Amino acid sequence: MIIMKSENKAATMPLTQLLSDLKTSDQGLSEDVAAARLKTVGQNTIHRQKQQSQLLIFLKNFTSLMAILLWVSGIIAMLSGSVELGIAIWAVNIINGVFSYWQEHRAAKATDSLMAMLPTYTRVHRDGKVKQINALDLVPGDVFDLQAGNAVPADARLLEATSVQVDQSALTGETVPESKSVEFTPGEGKYAESNIVYAGTAVGAGTAKAVVIATGMATEFGKIASLTEKQSNLTSPLTLELNRLTKQISIIAMIIGLLFFLTATFFVHYPVNQSFIFALGMIVAFIPEGLLPTVTLSLARGVQKMAKRHALVKDLNSVETLGETTVICSDKTGTLTQNQMTVNHIWVPTGEFTVSGQGFVNNGQVEKDGQPVSKVGTPDLNRLISIAALNNDTQVENNGKLKKPKILGTPTEAALVILCQKAGFDTAAHLKIMPRVKELPFDSRRKMMTTVHREGNQLDIYVKGALSDLLGQCTQIQVNGISREITAADKESIDAANEKYAAQGLRSLAFAYRSIPFKNQTQVDGLEIANAEKQLIFVGLTAMSDPPRPEIYGAVKKCHEAQIKIIMVTGDSQLTAKSIAMQIGLTSDKARVITGAELDTLNDHDLKEALQEEIIFARVAPEQKYKIVSTLQSMGEVVASTGDGVNDAPALKKANIGVAMGVTGTDVAKDAANMILTDDNFASIVAAIEEGRVVYSNLQKFLLYILNSNMPEAVPSALFLFSRGLIPLPLTIMQILTVDLGTDLLPALGLGSEAAEPGVMQQPPRAKTAHLLSKRILWKAFAWYGAIASVISTLAYFFANLQAGWPNRALLSSGVGYSRATTMTLAAIIFCQIAAALNCRTEEESIFKVGIFSNHIIWVGIVVEVLLLMILSYTPVLQSVFHMTPLLGQDWLFLCVIPIPIVLVEEGRKWVQRKRKRS
Ligand code: ATP
């Protein structure tokens, strides 16, 4: 088999030859042939080449500023005679480097694998049928359909094309859309051949049918992509802020180290090399190793959790922004509602029909005034049914009475297909008699769709669309099969019917037509929106229900409690929009409804004023969302905005969080968005916001925890210094390092995966200007948790000293007594940290309420922490390295009591805070 290259050759050669070279026809391949080809050519996917080897990424973790500082410190420690300390510092560095690499690797994997959860589908012609397949399974020779919003899945030559515009910016960088057609014109520059569409580009407008000439790495896009690797983006403002923070803390650590060095040398008259080692230990203790990768991993975990709740976040940045979201601009159809449309009523000038019937069988259950109407119906009803059936691109496969029908197309049109089935209309037979010769596809700006059908010497122009747009194009009305001029009274009764349906939250769709004599093909080709969709004959209306999603009520309530404003921005009519908004508790009946037309006339000031009130936007074109989003942003709001169509892309890009629909959304919208909902459900946005808030608050808990141990690490050294060495060093440098990297690590990780604290969604959104490391956290870490731990660990030190005969210094410095005292200081710090880990788990809620054992990782951390302490104090070799002695029974008793008052005092503080908040 020949795999054509997408060069001019495929564009210029006669189509018949191209098809025969590809061993296919304009009807596409058979399933068997396609399956065989897939085996030989492989899947239609781009393998990007790895730019950076894993080894390099691994080594990067050992060459950062902080790592270099630690390497040098280790060497200095060794040179100044403390080989043990040198090795310990290097060990810290190595553990930290490996740990960082492991965390980053997992974070990258977590975010990478998510994208695989979102397959792209293509409508392909196989075995004479149109099927939806995963674009990965496309092979050369396949014939597929394209429409506005589709990503072009492979390089292909056009077989049919109606007003096709393609955005080739991914290939050429050129943002002006290129027109494509069946006829070949070379165009200027690369990829400009008019009859070829390229993989990696996207259809902005029109519809087409094309034959695949190359897939996967053989496509032009594949060739470019093979040169570069798109690294998953792991930097966000948050990580940048942390980077800065780590550097700042490192500098502060060095200043403290220098101060300690000078004090030890000149004030305490410690030997210079000892002072040096002492200062080094302090520096290492203060530097927040492992902070950045842990944060990255926490964010990546947040991404994974969001994915489980049906929200795929494309970058870590968005996890952070989600927590700040203050406004959600949401579509109605499919996001707030189920997108399961059913036609309930039909209105024609001669009467109103109620549609019933649970099943989708051809039983003619179209009723008038409760009585079934014969399948023949009335002439007006018949005309409406025939427009609904023929002006329709959707296929519905019935899977028996019990199963939901499978829809290939849109739910609106599917509802019409089912209606026509109920009415016993044979679409296929009609299409044979009056085949479709032209289509002007639906677009959400003009809110209409037209198909042209030829029956002998007559052309029937069938139009359906939003009543507000279509009625203006109608000059006549059909009554009892006869058309006459439409009067103001007719329009009034049509509007009245429409309003009645809309007030019930039903969506109405209007139908019209016109017949003209057929002259020739040029006449058909010349039919465009301007000359086809005018002077129409109005036929009737359908009203369809689309019930709200069941989860929506809870999600809306949650947003209100979390002070997140929801603004419905819909293409549907005012009354329908308001009725649904009120039904789901989004707004009261006082809400103002602004239409797209009105929005255009509003100036900036008036729009801002309106946006502060309860508001709904109806009959809005997707482009107008951009204005709403940007105005909200200029008011300081952090905006999440939903969208699914091609024209939604600018607003999705503009929004702080662009949210695309994974099921019904176009590839273009998904590409422009930061987050994709795999279930199209509004409730999933709220779930993601909740996760975003949880991730952020867990990071703060984590920071609070790792910072608070710095105080009890530094205070003992300060005691030693400021007593001019009168109080022997209560905690040796090796012991400081033990706390810093040994015992602190695991409980800290546990805090990163703490479950949502009750009440996260009952607080206002976080301010955009808020810093992760807030003053409040610093205070809490140093002046509250840190101070408590310092006092208790110092007490433990003196307690051990007293027992050993304080203030007999000779006794203290003589081995066992001193070792026991320092062991007690270390052990007391560890037990204070156990309390801190539990206390950090909640900001306000009692940990007894959230369940003291509910976070298993923390408990694993605590057990490991205590085991480590035991190993260090009971293993003879380690005893001498870490200056430890076995603790006595009474010591353990003292230690085990420590966490109790600390937890209880903090519980008291939380209780006061809760009380204060409630009052
Ligand atoms: P939302 O913006 O909340 O998703 P929507 O689905 O009503 O709401 P659009 O898809 O832009 O928004 O549709 C706007 C209007 O166009 C609809 O209210 C309907 O009257 C009309 N319409 C929708 N689909 C079609 C179609 N396939 N053919 C003709 N008209 C349609």
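Even glycines carry a Cβ here, placed using N, Cα and C.
Mapped onto DSSP classes, the domain 'Cation-transporting P-type ATPase N-terminal' (9-82) shows 44 helix, 1 strand, 29 coil. Residues or ranges marked as domain 'Cation-transporting P-type ATPase N-terminal' by TrEMBL: 9-82.
Look at TrEMBL and you will find 55-79 (among others) tagged as transmembrane segment.
Distant neighbours of the transmembrane segment (85-102): 57-58, 61-62, 67, 70-71, 73-79, 277, 280-281, 284, 289-290, 292-293, 733-734, 737, 740-741, 745; these residues of the same chain sit at least 6 beyond its ends, with a Cβ under 8 Å from one of its Cβ atoms. Positions annotated as transmembrane segment by TrEMBL: 85-102 (among others).
The transmembrane segment annotation in TrEMBL covers 249-270 (among others). Residues 65-66, 69, 276, 278-280, 282-283, 285-288, 714, 717, 720-722, 724-725 of the same chain, all 6+ positions outside the transmembrane segment (249-270), place their C-beta atoms under 8 angstroms from a C-beta of that stretch.
The transmembrane segment annotation in TrEMBL covers 276-300 (among others).
Per TrEMBL, the feature transmembrane segment maps to 782-800 (among others). Residues 704, 707-712, 715-716, 719, 730-731, 806, 817, 820-825, 827-829, 832-833, 836, 839-840, 891, 894-895, 898, 902, 905 of the same chain lie 6+ residues outside the transmembrane segment (782-800) yet bring a C-beta within less than 8 angstroms of a C-beta in it.
A Cβ distance under 8 Å defines the sequence-distant neighbours of the transmembrane segment (820-840), meaning residues of its chain 6+ beyond its ends; these are 701-702, 704-705, 708-709, 712-713, 716, 728-732, 735, 738-739, 743-744, 747-748, 750-751, 785, 788-789, 792-797, 799-801, 804, 812, 847, 852, 858, 861-862, 865-866, 869, 873, 883-885, 887, 891, 895-896, 898-900, 902-903, 906. Annotation comment: TrEMBL describes 820-840 (among others) as transmembrane segment.
Within its own chain, the transmembrane segment (852-872) is flanked in space by residues 738, 742-743, 745-751, 753-755, 826-827, 830, 833-834, 837-838, 841, 878-879, 882, 884, which lie at least six positions past its ends and keep a Cβ under 8 Å from the stretch. Summarising the annotation, TrEMBL assigns transmembrane segment to 852-872 (among others).
Same-chain neighbours of the transmembrane segment (892-908): 788-789, 792, 796, 799, 827-828, 831-832, 834-836, 838-839, 846-848, counting only residues six or more beyond its ends whose CB sits under 8 Å from a CB of the stretch. Among the features that TrEMBL reports, transmembrane segment is placed at 892-908 (among others).
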Which bits of the chain, at least 6 residues beyond where the transmembrane segment (55-79) starts or stops, bring a Cβ under 8 A of a Cβ in it?
85-87, 89-90, 92-94, 96-98, 100-101, 104-105, 246-247, 250, 276-277, 280, 283-284, 287, 289
